[in-house]
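Chemist: Please see the structure below; I have some questions.
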Amino acid sequence: MKSLLVPAPAKLNLFLHLAGRRSDGYHNLESVFVLIDYCDYLQFETTDDHQIKVLPQIEGVATEDNLIFKAASTLQKLANERSIATPGVRINLTKNLPMGGGLGGGSSDCASTLMALNYLWDLNLSEEQLRIIGLKLGADVPFFIGGNTSFIQGIGEELHDFDVDGLWFLVIEPDFSIPTVEIFTHPDLNRNYRSLSSKELEDAKVALSKAYFWGSNYLESAAFKIYPQLQNIVDSAYPIKLRMSGSGSCLFAMFLSEAEAIKSLSDLNALIHKLSLPIRKLSVYKQLSKHPIKDVL
């Protein structure tokens, strides 16, 4: 039997614009995704019983709805269709990333499962094939399969390398989560749909390379309306500039050096205690230039 331990890193959206709405109700996004060194971990152990087991059971999530289970089941079914015998697998998840935080934890777990089992089961699927499979499981999964800093379009299936590296982040985890559907269905959602020009993308690259925020997160207006305590954190942190990742609830600040990030962490920690801000965790992370699973497989 084989065993394997793999990371599943978080992502941040450096900006997030809505370019339009599709006929199926989904929104076309334009966003820059980066990975950071904040990870869930998944331990895989092959078994003789051909069953897929995911532990521990996530509260409120049925096994068949668990993205880790769905990823493993999808690959096992594909292997069976190709007459490839696969052993069973026991998957133990160490969950560090917050649910409902906008860091992509579920999609990242799903992507790491696809990559790990492709390796353990000797399926020899290409990265592009894994992306196609992943898109059917979740819009953010294709990004996590590649892991390079990327400009994302469509619902997440169009990825373009985006040359920004070496950033540091102060990530703020509030003590509450935000359901994605709540944001996208809210009347205050910013629906100023338009696509970015090539000139704007170059401007974004220049600004972000200097750790300057560019553009905006279109989902903030709805999130701040529903959760005014999130707006309060942003206002209280000034002059530290914060942006929401994804549909929230996590916020982040961006820096060129670890020292700057740690200084801001210290300043913000003092504010948390003084103002009793609803913050569960505050940490500094660095940008990853590639998916850390590639050092394992």
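Placement of Cβ uses the backbone N, Cα and C atoms for every residue, glycine included.
Automatic prediction, not curation, is the source of TrEMBL annotations.
This is the feature table in TrEMBL:
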| type | residues | note |
| --- | --- | --- |
| ACT_SITE | Lys11 | active site |
| DOMAIN | 66-147 | domain 'GHMP kinase N-terminal' |
| BINDING | Pro98, Met99, Gly100, Gly101, Gly102, Leu103, Gly104, Gly105, Gly106, Ser107, Ser108 | ATP binding site |
| ACT_SITE | Asp140 | active site |
| DOMAIN | 215-263 | domain 'GHMP kinase C-terminal' |
Chemist: So how many other Cβ atoms are close to Gly104 (ATP binding site), meaning within 10 Å of its Cβ?
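Modeler: Counting Cβ neighbours of Gly104 (ATP binding site) within 10 Å gives 27.
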Chemist: With DSSP as the yardstick, break the domain 'GHMP kinase N-terminal' (66-147) down into helix, strand and coil residue counts.
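Modeler: The composition, in the requested order, is 48 helix, 7 strand, 27 coil.
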Chemist: Could you tell me the C-alpha distance between Gly102 (ATP binding site) and Asp140 (active site) in angstrom, no decimals?
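Modeler: Rounded to a whole number, the Cα-Cα distance is 11 Å.
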Chemist: Binding-site residues Pro98, Gly100, Gly106: which have a Cα within 10 Å of Lys11 (active site)?
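Modeler: Cα filter at 10 Å returns nothing.
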Chemist: Hey, which of the recorded positions Gly102, Ser108, Asp140 is the loneliest by Cβ count within 10 Å?
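Modeler: Counting other Cβ atoms within 10 Å of each of the recorded positions Gly102, Ser108, Asp140 gives the minimum at Asp140.
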Chemist: Would you mind listing, in sequence order, the residues at least six apart from Gly100 (ATP binding site) in the same chain with a Cβ closer than 8 Å to its Cβ?
Modeler: Ser177, Ile178, Pro179, Thr180, Gly248, Ser249
Chemist: Between Gly104 (ATP binding site) and Asp140 (active site), how far is it from one CA atom to the other, in Å?
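Modeler: If we compare the Cα positions of Gly104 (ATP binding site) and Asp140 (active site), the gap is 7 Å.
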Chemist: Mind looking up the mean pLDDT for the domain 'GHMP kinase N-terminal' (66-147) in the predicted model?
Modeler: 97
Chemist: Apart from Pro98, Met99, Gly100, Gly101, Gly102, Leu103, Gly104, Gly105, Gly106, Ser107, Ser108, which residues in this chain have a Cβ no more than 8 Å from the mean position of the Cβ atoms of those residues at the ATP site?
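Modeler: For the ATP site the neighbour list reads Ala10, Leu97, Gly246.
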Chemist: Rounded to an integer, what is the Cα-Cα distance in Å between Pro98 (ATP binding site) and Asp140 (active site)?
Modeler: 16
